[in-house]
Amino acid sequence: MLITSVGGNWALGGEEGEAETPAAFLGCFRDVFVDSRLVLPVLAPVDSVAQANITVGCSDREKCDDSPCQNRGRCVSHGWRSYTCECHRPYEGDNCAEEYVTARFGNGDLGSYALFSMDDDPGDALVISMFLRTRQASGLLLILANSTSQYLRLWLEGGNIRVQVNNFETLTGQAAVSDGHFHLVTVKLEGMAASLFQSTQNQGSMPIRYVQAYPGDLMFVGGLPDARAAASFGGYFKGCIQDLRINSKRLQFFPIAAPVESFRLEQLNNVAEGCNSNNACAVNPCLNGGVCYPMWDDFTCNCPPSTAGRRCQEVKWCELSPCPAASVCQPLSQGFECLSNVTFRPESGVLHYQSKGTIKRRFANVSISFRTRLPAATLLHAQKDSDYLTVSLLDSRLAVELQVYESPKVTLQSQGLLSDGEWHIVELSMDSKTPTSSWTMDVDGGKEVSLSKTAGKALDFLQEGGHVALGGLSPDGGANLSGCLGPVEIGGLLLPFHLDTDLNLPRPQEERFVRVNGDSSPRYGCWGSDVCSPNPCLNGGVCEDAFDLHRCTCPFEWAGPLCEEPADGCASGPCLFGNCSSAPGGFRCECEAGYSGEQCELEVDVCENSNCSHGATCLKGFQRYACLCPQNLTGQYCKLPRLPLTTCTGTRWNYSCFNGGNCSEADHSCYCLPGFTGQWYDTHRALFLATTAWRPWTLCTGRQTAIMTWNALLQQLMREDVF
């Protein structure tokens, strides 16, 4: 209040415009007299120079009752309408109205960092604290360094805070902070101990060697100028940092209006103001028709039925009927394929393919299923620049030719003929664990296995930018396939016969081949030419479709590929033991001796109607028989009585006379009865059944009557004429 008096002016309560005077009085005056003149209270215009900020009365109203502190700040009353606000972090100012500006690191996936310098002595203890928000599991947070070393490091690893002091001692937080929420992180270095806190909860402590910070030391936040050095700590930090402090001094990325003590900012690289989120839904991360909803630096997917997982990637795909009607759905671990057969004809186009997505697997095996009657055709041709693989048929044998970079050319050829109209499966494989090895060709599950003589490389040239053709080399390149292809795989990846636009759902797997020519419409399924329409078989023959080949089943009187020739009944050699001659409606057999039947298939039993009598045994020979007579009978049919046998013995000889002959001691011979003659044999083998007894004997034989012996029977059975 300004008071005018004789001799000058003087003020009561404070003087306006004097910066050096103490603070203005805050309180009440009553009955103030100057020179016996009442100066207070005095009635004067409120806007007069005589008074400013003065009201009548003495009301001590509590200022904190008006809640002047914002953002949950605590109001502390000092009486006479005086108060202060104790602000909660990250707010500042007289009324806690200002918030420290948040710094966004890694916005747009750019590497970013900030550099501060200490411009005074922080003291013996170091307390570093900040608000942290991220969804990144790894990244560099802060480094304190002097001219010789980095003596304090903070980084994220596996979503947890890690603290390293003096490049040796390391402490890891127990709770993860990479959940997208703000966390207050505090690191205390006091004396010989270091402690880590997250939102006032102690995460652990460890003993350390003493650490001292000095003016001029540097503080790197979020990264380092050298990206390779930052990579040692998980790379650049991606997220937000707010209200970073070392002890009581702030490290402001973007200064606020309130006066606060702060270390000097030296450099700010790709750090943005605020804490905006990257639009994670911009790249449509949700699979299988899932709807993406953005979150801060993240997304969530609203998945359709039969799907699950963060990105709706876990799907029972085949339950969603993704394939056209002409195919069968085959589930994969990360997707599905539509399997079918496809028919190629000379007028059909060649199917062309390229790899899609990032293919990391090695292409060390090829599988082809095919069916054809062409002796020469190209099944598969893959090429990129000078590297190529060709699988074809040459002279009905499968031929493989592989050339990769500067490695020797690999060739393989099957031994068996495969152009027989039947399905065949061929597997080509190499040892995927080695860069170079021999290639093996397996036909029909091991029926035939071939090994290349030279070692070759894998088909990795198809991982990116390679071209694959099925059914030929080009639409007009000749040697195109006429037949069918079943599933074809390279490195376990199917070459689909359907275009992606033919499917009811897109294939989600990252590694895949796609058909790139949509102008060709192959015929799905395996269909041979209609070889039986019209019926090519003549004379009532029945046509059989044998896949691109017909067979005629002819009536018995017709023959030939088309039943066009009269049948030769003898062509098949129906007469087993006889001569064949054609006859109307068939053939006629003239059997050899000893055989009978329509085809001379029955052997005649020569003993069935034999003339052996008196119980004689019939002995079968080739087309004849002989009679084995009882002891008292003889003759060809055992009808004659047998004459007695005389045994002649002496000191020197021992022999027999047959047919009633007598011994002659004079010349050691036999006197034969009339009608018999004889000759003496000193040694002669006598055949009697299965025995071989030796005896000398004289044979007296009649001129008119045959006296049968075992030798005579044997000779008779060996004759060629028949009784």
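Please read every residue number as a count from 1 along the shown chain.
Cβ coordinates come from backbone N, Cα and C, glycine included.
Residues or ranges marked as disulfide bond by TrEMBL: Cys87-Cys96 (among others). According to DSSP, Cys96 (disulfide bond) is assigned to coil rather than to any helix or strand. In sequence order, Cys69, Gln70, Asn71, Arg72, Gly73, Cys85, Cys87, His88 make up the list of same-chain residues 6 or more apart from Cys96 (disulfide bond) whose Cβ falls under 8 Å from its Cβ.
DSSP assigns Cys303 (disulfide bond) to coil, not to a helix or a strand. Annotation comment: TrEMBL describes Cys303-Cys312 (among others) as disulfide bond.
Counting every protein chain shown, the number of other Cβ atoms lying within 10 Å of the Cβ of Cys563 (disulfide bond) is 22. Per TrEMBL, the feature disulfide bond maps to Cys554-Cys563 (among others).
What TrEMBL lists as disulfide bond is Cys570-Cys580 (among others). In the three-state DSSP classification, Cys570 (disulfide bond) falls within coil. Just so you know, the Cβ of Cys570 (disulfide bond) picks up 17 other Cβ atoms within 10 Å once every protein chain is counted.
Within the same chain, residues at least 6 positions away in sequence whose Cβ sits under 8 Å from that of Cys591 (disulfide bond) are Cys575, Phe577, Gly578, Gly597, Cys600. TrEMBL lists Cys591-Cys600 (among others) with the feature disulfide bond.
Less than 8 angstroms from the CB of Cys638 (disulfide bond) sit Cys612, Ser613, His614, Gly615, Ala616, Cys627, Cys629, Pro630, each of them six or more residues away in the same chain. DSSP assigns Cys638 (disulfide bond) to coil, not to a helix or a strand. As annotated by TrEMBL, disulfide bond applies to Cys629-Cys638 (among others).
Annotation comment: TrEMBL describes 60-97 (among others) as domain 'EGF-like'. For the domain 'EGF-like' (60-97), same-chain residues at least 6 beyond its ends with a Cβ under 8 Å from one of its own Cβ atoms are 26-27, 131, 184, 242-243, 256-258, 260.
Restricting the average to the domain 'Laminin G' (103-275) gives a pLDDT of 93. Positions annotated as domain 'Laminin G' by TrEMBL: 103-275 (among others).
Residues 107-109, 133-135, 180, 238-239, 319-320, 334, 505, 508 of the same chain sit 6 or more residues outside the domain 'EGF-like' (277-313) yet have a Cβ under 8 Å from a Cβ within it. Summarising the annotation, TrEMBL assigns domain 'EGF-like' to 277-313 (among others).
Among the features that TrEMBL reports, domain 'Laminin G' is placed at 340-526 (among others).
Here TrEMBL flags 528-564 (among others) as domain 'EGF-like'. Counting residues of the domain 'EGF-like' (528-564) by DSSP class, helix then strand then coil, yields 0 helix, 10 strand, 27 coil.
For 566-601 (among others), the entry in TrEMBL reads domain 'EGF-like'.
Taken from TrEMBL, the feature domain 'EGF-like' covers 603-639 (among others).
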Number of other Cβ atoms within 10 Å of the Cβ of Cys303 (disulfide bond) across all protein chains: 21
Distance [Cα-Cα, Å, rounded] between Cys554 (disulfide bond) and Cys303 (disulfide bond): 64
For Cys629 (disulfide bond), the number of other Cβ atoms found within 10 Å of its own Cβ: 23
Tertiary contacts of the domain 'EGF-like' (528-564), as residues 6+ beyond its ends and Cβ separation under 8 Å: 371-373, 421, 482-483, 571, 585-586
CB contacts for Cys580 (disulfide bond) [other CB atoms within 10 A, all chains]: 20
Secondary structure content, the domain 'EGF-like' (277-313) (per DSSP, counts of residues): 4 helix, 12 strand, 21 coil
